[in-house]
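Per TrEMBL, the features are:
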| type | residues | note |
| --- | --- | --- |
| COMPBIAS | 1-14 | compositional bias 'Basic residues' |
| REGION | 1-120 | region 'Disordered' |
| COMPBIAS | 51-60 | compositional bias 'Basic and acidic residues' |
| COMPBIAS | 61-70 | compositional bias 'Acidic residues' |
| DOMAIN | 86-163 | domain 'Casein kinase substrate phosphoprotein PP28' |
| COMPBIAS | 103-120 | compositional bias 'Basic and acidic residues' |
| COMPBIAS | 152-168 | compositional bias 'Basic and acidic residues' |
| REGION | 152-182 | region 'Disordered' |
Amino acid sequence: MPKGGRKGGHKGRARQYTSPEEIDAQLQAEKQKAREEEEEEEEGGDGAAGDPKKEKKSLDSDESEDEEDDYQQKRKGVEGLIDIENPNRVAQTTKKVTQLDLDGPKELSRREREEIEKQKAKERYMKMHLAGKTEQAKADLARLAIIRKQREEAARKKEEERKAKDDATLSGKRMQSLSLNK
């Protein structure tokens, strides 16, 4: 059984559904309100009777929108009543393309520096290893020399055994041919 019981609502509240007619009415009201605001801007365009914020908006729309957004953000909740300075909050400043310094040296993060150092150390080690100057390379070369000697000895013994077997078969054939000749 669900947590809310049979009703299934959130904390006992009844669900409210909006009908499509209500949604259409709300959209039409918003459109009408936007039209009225546009008409007011057009009528108050000479500047004497217009609102100073609207004049500023018509002059420089990008900056005025940013300032109005900041003004509204400061007025949320208790922030509008009390001025609070948070030393951890960093105000985001946008840089223009002309202010960017692409030619200057780029600062790498600690992880990037460590990764580059690790790769360089690995490359140095591989060069030393291929040259046979590392401890591991010396041990590998010694092990290879021992294995080569063992294989040479095994091959020599195998060759000797094969020769001995051939000699035995040849001597056996000679004996048979001598006995047949008699």
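Counting begins at 1 with the first residue displayed.
Note that Cβ sites are derived from N, Cα and C of the backbone, with glycine treated the same way.
Not measured: the values here are computed from a predicted model.
Under DSSP, residues within the compositional bias 'Basic and acidic residues' (103-120) fall into helix, strand and coil as 11 helix, 0 strand, 7 coil. Secondary structure counts, DSSP: the region 'Disordered' (152-182) has 30 helix, 0 strand, 1 coil.
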